[in-house]
Amino acid sequence: MRILGIETSCDDTGIAIYDTNKGLLINEIYNQRKLNNIYGGIIPELASREHMEAMIVLLNKIFKKKNIYKYVDMIAYTAGPGLIGSLLVGATFACSLGLSLNIPVLPVHHMEAHLLSPMLDYKTIQFPFIGLLVSGKHTQIIGAHKFGEYEILGNCLDDAAGEAFDKTAKLLGLKYPGGLELSKLASKGIKDYFYFPRPMIHHSDLNFSFSGLKTFAAQTIKKSSKSMQEKANIAKAFEDAVIDILLIKTKKALKKQKWKRLVIAGGVSANQKLRKKSEIMVKKNFNGTVFYSSLEFCTDNAAMIAYLGSLRQKEARNSQLEILVKPKWSIDDLCF
């Protein structure tokens with residue numbers, strides 16, 4: 001079975017085709033980084049308009065590669081969570097295309113797709129496992145008991161880790177999205193030149209808070225000399241603090257659940273220091289294994305949507321005129 005995946009939850013437009021026998025066949029993506037750099041971030045209305053244009057371009061690109069009318073058996077699209085305008089663009093395209101091709105359409109959960117995205121590389125990851133979802137809008141610790149049964153063990157009370165990365169990078173004068181740029185700058189920083197606080201690490205729960213850390217970084221930047229070395233030192237201190245917080249909480253979750261498998265997913269999972277330190281932590285303390293996806297599948301993409309569609313293909317509905325989206329949608333309640 002071949003599934004066409006459509007991703008438009010935020011500012012990345014993605015289209016992919018996944019074959020249940022051959023794996024991923026096509027994965028195309030268009031990002032809005034140039035536009036976001038102009039405005040210093042994502043403007044929801046502009047993001048929606050860009051999706052409309054990009055979707056046509058990407059679909060035409062796929063049409064040239066494959067005869068999609070004979071090639072696709074089902075369509076899966078991101079129905080939430082995400083920006084309402086962006087979600088509606090993808091959902092409308094998916095439902096319209098499904099209606100015209102007379103094939104089933106399936107709305108899927110964006111964060112479940114992220115959580116299972118490492119399976120694009122590892123094929124199967126045995127349940128149960130702890131999932132660390134770290135992106136621009138989410139920082140969650142998930143207890144994945146089995147496929148489709150997820151428990152939120154820890155949540156972010158304010159700014160997500162990815163958002164804190166981007167906002168701190170902006171204060172340092174780095175281009176958007178700032179997470180990768182901040183990490184590059186941090187690699188040039190002097191270890192322990194600055195020490196940033198680690199909020200909530202001593203709390204018994206598994207929740208996160210990054211707003212205080214972001215404020216501390218802003219105050220440090222304001223007082224700094226603004227030299228490149230000083231900026232690098234701040235970037236390093238900030239990155240070290242975020243990673244420590246994430247791993248301290250994740251370690252507690254693994255210990256609490258008595259599990260040995262950790263999946264790290266979402267845009268921040270591309271951070272190389274996070275990957276390295278998580279492997280050391282899990283191996284040393286639990287003799288366990290860490291799974292994460294290839295870098296191309298860390299940020300928003302349609303490959304993970306198409307793959308999740310393949311796992312949930314029995315739930316697909318015949319094309320209807322009803323367009324379903326759910327901007328606020330928790331992973332522990334997957335029912336529409």
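Residue positions begin at 1 at the first shown residue.
Glycine residues also receive a Cβ, built from the backbone N, Cα and C atoms like all the rest.
Taken verbatim from Swiss-Prot:
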- His110, His114, Asp300: Fe cation binding site (BINDING)
- Leu133, Val134, Ser135, Gly136, Lys137, Asp166, Gly179, Asn271: substrate binding site (BINDING)
Calculate the distance in Å between the alpha carbons (Cα) of Asp166 (substrate binding site) and Asp300 (Fe cation binding site), and round it to a whole number.
-> 16
Can you tell which of Gly136, Gly179 has the least company, meaning the fewest other C-beta atoms within 10 angstroms of its C-beta, among these binding-site residues?
-> Gly136
Sort out for me which one of Ser135, Asn271 has the most neighbouring CB atoms within 10 A, since those are the binding-site residues we care about.
-> Asn271
With substrate as the bound species and Leu133, Val134, Ser135, Gly136, Lys137, Asp166, Gly179, Asn271 as its recorded binding residues, calculate the greatest Cα-Cα distance and give it in Å as a whole number.
-> 17
In the structure shown, with every protein chain counted, which of the binding-site residues His110, His114, Lys137 has the densest set of Cβ atoms within 10 angstroms of its Cβ?
-> His114
Might you list, by sequence position, any residue in that chain lying six or more from Val134 (substrate binding site) with a Cβ less than 8 Å away from its Cβ?
-> Ala160, Ala161, Gly162, Leu246, Ile264, Ala265, Gly266, Gly267, Val268, Ser269, Leu274
Separation of alpha carbons, His110 (Fe cation binding site) and Ser135 (substrate binding site) (Å) | 12
Cβ within 8 Å of the mean position of the Cβ atoms of His110, His114, Asp300: remaining residues of the chain near Fe cation | Glu7, Ser9, Thr78, Met111, Ala113, Ser117, Ser135, Gly266, Asn301, Met304, Ile305
Cβ-Cβ under 8 Å from Asp300 (Fe cation binding site), same chain, 6 or more residues apart: which ones?
-> Glu7, Ser9, Cys10, Asp12, Gly14, Ile29, His110, Gly267
Alpha-carbon spacing, Leu133 (substrate binding site) to His114 (Fe cation binding site), which is rounded to whole Å = 8
Between Asn271 (substrate binding site) and His114 (Fe cation binding site), how far is it from one CA atom to the other, in Å?
-> 15
